[in-house]
């Protein structure tokens, strides 16, 4: 029992859990359990009362609802690190920012270069721009003491800025037709959150209440509802009136739910791809190649080149006692897009099967390639 508890508390466990539920989803979708698996996640669930109801399939409740809590955690983490943590120093924060920029621009350009003549495929240009924090850090932790703390912090910081970039991309490019009334309600909710923050209110139930209303309003507005999580994170106070840490405590309470429940459930709901009738040629289709080359090559090259240029221009500094060889290994791991890439894929193609799920398979291939190559590279290079 003690051994199970120790394993569950280790930093590698979230990554292992994601891998397990990914393979479980693939097993379910490609076996006699396929119909049960599909029907379960497509089953409609209605929440509300007589005159106000929200009805969605289970997979959409996960993708639109639970993932908002994940984005809330990302927002809280970033806010804490910038105001109190490792990113307080501008020199420390500049390297992961440049890396995140390179890791978004380069994969997007590679995807666009391959798919520019296919209008529908081009909707997925942002798919290879994401990094999965839990998976990437989980792989890194498997290497133990071989990786210096400064490099672990760089990867975590870069992944946070990467996810922030993904949030901006979702807001700007994957927003449906807007509803003026719903947006007005969103603004009222934001004003309410501002008041709660201004008066240093630390009753979490009030933030939850306003947050739920904000999430519903955003759902109806046309702006993706998961952004509600980011907005809420901006207004949660750092400390209580007595100067006791508050934001960090909220993050500590939420984090286990995200890494042990929400992300594994998201992986299980979205990684189920039927590959039984898939032709090998579909993996070499333009959309698949764009995703694989963008994630596996574009991410590592983009992150490294942008960081290298920033260092040479003295805009950023390589962590102390770190050589470029080891640093490049971290850049390879940024190609693990997995859950974030699957999420953007769902927004871009609305879960269409026009590509026969070759797009999702490409995400898995690129993510596992980045994980395996990055792990072996970091194991070998000193």
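Just so you know, the numbers here start at 1 and follow the chain as drawn.
Cβ from N, Cα, C; glycine included.
Ranges compared are 7-27, 28-48, and Swiss-Prot records transmembrane segment for 7-27. Using a cut-off of 8 Å between Cβ atoms, the transmembrane segment (255-275) and the transmembrane segment (327-347) share at least three residue pairs, counting only pairs 6 or more apart in sequence. Here the transmembrane segment (327-347) does not touch the transmembrane segment (199-219). Their Cβ atoms form fewer than 3 pairs under 8 Å, with each pair 6 or more residues apart.
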